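**Student:** I grabbed these lines from TrEMBL:
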DOMAIN    B:48-233  domain 'ABC transmembrane type-1'
TRANSMEM  B:47-73  transmembrane segment
TRANSMEM  B:94-111  transmembrane segment
TRANSMEM  B:117-144  transmembrane segment
TRANSMEM  B:164-190  transmembrane segment
TRANSMEM  B:210-236  transmembrane segment
Amino acid sequence: MIEIEALTKTYGGRPVVDGVTARFARGTLTAIVGSSGSGKTTLLRMINRLVEPSAGRVLIDGKDVARIPEVSLRQGIGYVIQGYGLFPHWTAARNIGVVPTLLGWPRSRIKARTQELLHMLQLDPAEIGPRYPHQLSGGQAQRIGVARALAARPEVLLMDEPFGALDPLIRRQAQRDLTRIRRQLGTTVVLVTHDMNEALYLGDAIAVMRDGRFEQFGPPEDIVRAPATPFVADLVGETGRALRLLALKPVGTLLRAGQAQGDPVDAAASLSDALAEMIWTGRDRLPVVDGRGQGLGIVTRDDILAAGRQAPPA
Amino acid sequence: MTALRWIVLVGMTGALVLFPALFEPVLRPFAPAGGPVIYDRATLAGLTASHLMLVMLAMVPSTLIALALAILVTRPAGAEFLPTARMLANIGQTFPPVAVLALSVPLLGFGTRPTVLALFLYGLLPIFENALAGLRGVPGSVLLSARAVGMTPRQMLVQVEMPLALPLILEGIRISVVIALSTATIGSTVAARSLGEVIIAGLTSNNPAFVIQGGVLTGCIAVLVYDVFGLLILAARRPAATARIRSRG
C-alpha cells in the first residue's frame, strides 16, 4: 500500500504538487489523469524519490521512503517512462537484467529471470534477447521497458505515460498485457496518463489532477457518474456517459437466474458490449457463460439500462 | 580499397623509418649539389621513437586531466566550474606552442620538458570539448532510467555515460594526438629529440631533401595514427551508434 501525506513540491515558491493526501491500495492500479503541468509526473517521482518532496511524506507499506536509501528504494520499485529510456549500448536481455545485476544476483538466476519475463511478455528470448534497442519495434521496446521494471519482482510499479509513444492498435494490446500481468503478479501500480479513456480502461481508482491537487479521487464509476468538478466532467466528456459507465462494469455484476435464447455473452464482457449485442440481435435478455462456456444465468436489458442511469442527486 | 590504403601507409611509414636510404633517388633532386640527401646525424628510427614518446608524455596527462574536467563539470556538484574549466582549456589552446616553449625554457630548461608542456596544454581543449559534448549527448530518458533503476552516480558514469560518450571522447583524443604529432616537431627548436630535428637541419643547411624527409614521415605517422583511432571509434560506436540517433529523434 502506498500512502501519500500532505505531499508538496514547490519550485521557486510555486507549488507543483500541493498538499496531496491519498492512499493507493495494495495490488490495485491507480491512474493519475491530468494535463501537462498538472504535477502528475512530479507526484509520481516523489514516490521513488527521483524528486525530493518539499513537504509531506510517502509511505510504502508503512515505511517512510525518506528513510530508505535512494538506491535500494529505487531498486525495489519498477519504473517505466514514455520513451522507455532503454540503455542503447546494451542488448534487450541486459537491459532487462539491470536491476538484478545491480542487486548482485548470480548470472544464471538473472538469465532465467530474463527469459521468464520475455516469455511472459510474449517475446522470443532467443530472437529478441540479443537485440539492441535500436533493432526493436516500438511495441517490443515498450515491453522490454516493462520487463526491466518488473525484473527484480518489485511490489510497486510506477508508470509515466507508458503507452504514449505507441500507435493505437499496439497500445490496446499493451494495455491488455498490463492488465494480465498485473492480475498475475499482484503488483501495486501507479500510472500517470493524460488520457481519460486509458485511465477508465485500466484504473481501479482514478485521481484527476489539476494545478498540483487531486480534483477527484475515486473508483472509475464515480468519476463518470458524478464528476466532482466541471474540469473532471470535461475530461470525462459530457456525451455518452451512460455508455461509458456500462463499459466499466462486467456482465457478471448483473447476473440473474433464468433462461434465454441465442448466443451467450461472457461474464467478463462489459455491460456496454452486452447491450450492443441485444440491440444488434433484437433480444432483451442474453444467456451468460463463464470463461469455460459454463452457463451462469442471464442478464436483462432493463437491468443494464438501470445500471447506466444517472445516480439520483444525493 | 581500405586494405590497400593500410598497406601503402604502413609500408611507406615503415620504409621511411627503417630504410631511409631507399628514398635517395627520389630526394636527390631536392638536395643541394654534392650535399647529403639522407639525414644521417641520427637514425630516423631513434628520432621517431623519441618523437612518439614526447607525444605520449604530453597526451596521457592531457587526456586524463581534460576527461576529469569534463566529468567534473557534468556532475551536478561541479556544474559551476564549467566556465573555469572552459577558460583553462581555451587558454591552453589559444596560447601558441612556440610561445609556451619560449616562456618555459627559462624555467624548465631545454629539451623534452618544455615541449611536453606545450603539447600538453595544446591538447587539452579538443579532448575536453569532445568529452563534454559526449557526456552531455547522453539522452535524458537514459539518464532518468539509470537513476530510476537505482544506479549510484558512479555506476551511472561508468556503466552508462562513459560508454555512450566514448566515441566522441576518442574523437577528441584523436584530434589532439594528431595535432601533437605535427606540433612536436617544433620541440626541436629547443633541442627536444624529435623528427623536427630533420626538418630544422634541412632549413639551416638549405637542404629541402631533409625538410621533405622529416615532413613526410611526420605526416605519414599522423595519418596512420588518425586511421588507428578511426578503427577504435568504429568499435566503440558499433552497438550504440544508430540507437542514439534514434532516441534523440
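Each residue, glycine too, has its Cβ placed from N, Cα and C.
Bear in mind that TrEMBL entries carry predicted annotations, made automatically and left uncurated.
Each of the listed features needs to be described in terms of its position in the shown structure.
**Tutor:** Within the chain carrying the transmembrane segment (B:47-73), a Cβ under 8 angstroms from the stretch's Cβ atoms is held by residues 17, 79, 81-82, 85, 88-89, 112, 115-121, 123-125, 127-128, 131-132, 135, 157, 169, 172-173, 176-177, 180-181, 184-185, 187, 192-198, 217-218, 221, all 6 or more beyond its ends.
Nonlocal intrachain contacts for the transmembrane segment (B:94-111), taken as residues 6+ away from its ends with a CB within less than 8 angstroms of a stretch CB, comprise 117-119, 121-122, 183, 186-187, 189-193.
Nonlocal intrachain contacts for the transmembrane segment (B:210-236), taken as residues 6+ away from its ends with a CB within less than 8 angstroms of a stretch CB, comprise 5-6, 9-10, 12-13, 16-17, 20, 23, 27, 30, 38-39, 44, 48, 51-52, 163, 166-167, 170-171, 173-174, 177-178, 181-182, 185, 195-199, 201-203.
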